[in-house]
Each structure stands twice: as C-alpha cells, then as structure tokens.
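Heads up, the thing below is written out as structure tokens.
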Amino acid sequence: MREGIHPKYNEVTVKCLCGNTFQTRSTKPEISTEICSACHPFFTGKQKLVDTAGRVERFKKRYGM
C-alpha cells in the first residue's frame, strides 16, 4: 500500500439516542445513531404489534370482498 493516501483508522465512540455508547473503529472521529442493538425492538424482544384490522377492513370494503 502507498503511504499517505489512506485515512487514519482510529477507535471511536458510537453514541445512540437511548444513551448507549460503545467503541468501534472508523475513519470518522465520532458516530451518532438513532437506534442501536440496545434499543431496537428486534434485539430487545419488545416488538410492538401493529393493529392492521382497520387496513384489512378498508381493503375488503374497497375491493368488495
């Protein structure tokens, strides 16, 4: 590899809106994110059930089912 053409690869802190922080490596000095594995519903197991009954009824009404 040629020297002087690659960006510096440093340890950085990733900060989530939920308050969770963790270390990783990146060429950016700081990383902010809205959702991380500590607060994402898929990883926490606290998935919200979406009530789709209104959508189903509207579909049936629209297409005469």
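In case you wondered, yes, glycine gets a Cβ from its N, Cα and C as well.
Per Swiss-Prot, the feature Zn(2+) binding site maps to Cys16, Cys18, Cys36, Cys39; the stated evidence is sequence analysis.
Overlay of Swiss-Prot feature records on the structure.
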{"residue": "Cys16", "record": "Zn(2+) binding site", "Cβ within 10 Å": "18"}
{"residue": "Cys18", "record": "Zn(2+) binding site", "Cβ within 10 Å": "13"}
{"residue": "Cys36", "record": "Zn(2+) binding site", "Cβ within 10 Å": "17"}
{"residue": "Cys39", "record": "Zn(2+) binding site", "Cβ within 10 Å": "16"}
Non-site residues, in chain order, whose CB comes within 8 A of the mean position of the CB atoms of Cys16, Cys18, Cys36, Cys39 at Zn(2+): Leu17, Gly19, Asn20, Thr33, Glu34, Ile35, Ser37, Ala38, His40
